[in-house]
Amino acid sequence: MKKWTFVLIFILLLLPLNTVFAKIDTQEGRELTATVATYNLHAGIGTDGKYDLDRIAATIRDMGADVIGLQEVDVHWGDRSNNENTIKLLAEKLDMDYFFAPIYDFDPASDDEPRRQYGVAILSKYPILSAENRDITRLSTQDPNPEPKPAPGFLEAQININGAHVWFYVTHLDYRGDPSVREMQVQDMLDVMSEHQYNILVGDMNAAPDAEELQPLFHWFNDAWAMTESGDGYTYPAVSPVKRIDMILASPRMKVKNTQVYSSLASDHLPVTADITLVRGSHSLTTDGMKILVEAFLENDEIASEEAAHALTMHLQALHYYESHSMKDKMIKHLGTFAGLLQQLKINGAISEHAYTILQEDADYLQEKWESK
């Protein structure tokens, strides 16, 4: 206890009084809650075997989600969905922005018809700042002799959610019993998502949360449903569901408040929503995001004590003051001191290797960012 008291006093002596005691642009004032969702549409075909896009739209409307990741989306694919552009029609019915990322993209039957496409999509009430269709390993269902190889269909979008800039990813993993392709897909997704840090991943994982191939995801993301302990969370099949394979995963920098599975027979899957607290800002990495990380690491026992977490949080509060006032020299100096504190915690066994690595990478990023200003 004496050791931590000394650390806290040392940090407080480094801070100007108006940094410690004044409420300047607090994180609480910059927080907002958004509802995100994932929904496998089954091409708009319900449990009764009928295609009904109005029924899908009504289900999505009832969820009240701000951003929704969709799987099994047809765009002029065939008779099963009336050759319609289902994502465009849904966006019009719901008055939302959208982006479509085809997994399959085939020539039409005749030159005067549009291309046949099938994949994943996003609907958003908020502006989509950028979007891209990224490759991950796939084993094609359209090839009689498929081999695992990179293919499109992993949707990446940056969204401005009322001032919080979030990277939103939509996936649909391999359905086969052999997990080897899913293992490759998980690693590919992590490689893509490592380019950003303020991320939400949603999708049909085609595997249960305890599946070994999914565990690397939970090393870097929080399973929203598990965070709220809201029951079994089963989503498949829609009638008498027995599996939880449709998931929402959030960066540890975000807080999950509520989750819900919605009852609907519009598809063979049930949709899932999560209320997630975000911090405003055009950030992947900010001092506010790092404070949320510290809270998450403390809750997950990756920081050994409240005293250690408080020492980190107090230092980040000072850094936030310098950050919000564009005090370059102070930022650079105190980021170095923060790195020293992390190192001391690591030496004393007060922080896990995982938590240390993440926070140190964030500090290094901010250091480089401010030194280049």
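Every residue gets a Cβ built from N, Cα and C, even glycine.
Listed in TrEMBL:
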SIGNAL    1-22  signal peptide
DOMAIN    37-269  domain 'Endonuclease/exonuclease/phosphatase'
DOMAIN    288-367  domain 'FIMAH'
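In terms of DSSP helix, strand and coil, the domain 'FIMAH' (288-367) has 66 helix, 2 strand, 12 coil.
The average per-residue pLDDT of the prediction over the domain 'FIMAH' (288-367) is 90, rounded to a whole number.
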